[in-house]
Ligand SMILES: C[C@H](O)[C@H](O)CC(=O)C(=O)O
Ligand SMILES: [Mg+2]
C-alpha cells in the first residue's frame, strides 16, 4: 500500500483565546476572582492573569504529508512548545509514514523523559499527536471518530462550565459547573460566600438541574471536606479539582469524606497513563477529566480511558472542543461532555476555541449530533484572520 510520508512539521504561536482559553480580555467571567493555589497571596486573588495564567498562549502544529495533505491541531504551549516541536520533536516526525502514530508518540515521549513527563512538554506532544490524527484521518478522507471505532451514540450531550448555570439551563445544557471564588485564605467569611453562591444558584435552577463546583486546585482536604459537607444540602453533584494535582493521598481521603452521592472529579492537570494510573489505583475520584490537548493526545487518551473503564470510572474530558468530541462519541464510559462558555458573561454559546477555528461545532439545545462531526480529520480549519507566528524554523 502506498502510504504518504511526512514531509514537514511546523509550529506556530497565536495570542488571544484559542487553545489558551484563559487568554481573554478584561471583564471575562473566567478571570473574576476565581479561587486558585495563588489565592493565598492577596495580590494575586482578583485575577488569574495577574499571576500569569495566560503566559503560554496557543501552539498551532501543522504537519504536511508527501501527498500535500496538511493536518493540524492546537493546544496550550505557545512559544516554548514551538521550540520543543521545531528543535526536538521534528526529528521523530519528518520522514515517517502518516500511519505510524504509536511509534512517533513513543519516541517523542521517551526522548523528552529527562525534562518532560508532564506539563508543557506533554501539552506539546499532545498537540503533535492531535495533528497526526488529523492528518491520518484527512489522508483517509474520514473523521477521526471513525478511526477510533466509530460513534456509540448518535449525539453528544453537554454540561456547561461558566458563571451562569441558570442561563445554561435555559440554553438546554444538562448541568452547569461554576467556578469557586474564595479559597481557604479568605477564611470563614469566604466559605460563607462560597456556600451562598451555591445556594443562590440552586434556587435559580430548581431541584433537578446538575450543579457542580470547579475548585481549580485551590483547597486543602479539610476545607474541601467542610465545603462538600455543607454544600450537600444544595444538591451539589460533584466537587472538581479540589486539591493540587500531586495530592493523590488528599483526593483519596476527600473521596472517603464527601457525603454519600456527591462525586469527586479531577484530572484536567494530570497527564499520561502513569499519572492516571495513580488516580485510579488510589481511588481518588469518581470521574477523571483528562484534557486531550494536555494529557498526551488521543493516542494516550485511548489508554487512559481503557484503564479508567476497568476501574469503573467515567472519563469526561476537560474542554478541548472537537479534540474531545471525536473521542467522547466513541466511548461508552464517556456518557456526556463539557462545554466551556467562552462568552465573557457566559450568556451565550460561542465556539470554545474562538476565534481560532472555523467550522467548530457548538451545542444547540445542549447537544451536538454525531453527524455534525462527519468531516475529514477533526473537521475544523484555522481562521486565516488569526495571525500565526513561526518563531523557530528548523
Ligand atoms: C472555570 C475553571 O476555573 C477553569 O477555568 C476551567 C476548568 O477548570 C474546567 O473547565 O473544568
Ligand atoms: Mg476544571
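We count from 1, first residue shown onward.
Glycine is treated like the rest: Cβ placed from N, Cα and C.
TrEMBL names 240, 268 as Mg(2+) ligands; from the candidate set 208, 214, 220, 286, the record adds 214 to that same site. Residues from the recorded positions list (48, 214, 291, 318) with a C-beta closer than 6 Å to any atom of ligand 1: 214, 318. Listed in chain order, the extra residues whose Cβ falls within 8 Å of the Cβ center of the Mg(2+) site residues 214, 240, 268 are 161, 177, 215, 216, 241, 265, 266, 289, 318. Neighbours of residue 240 (Mg(2+) binding site), defined as other CB atoms within 10 A of its CB across all chains, total 25. Only 214, 268 of the binding-site residues listed as 22, 214, 268 bring a Cβ under 6 Å of any atom of ligand 2; the order follows the sequence.
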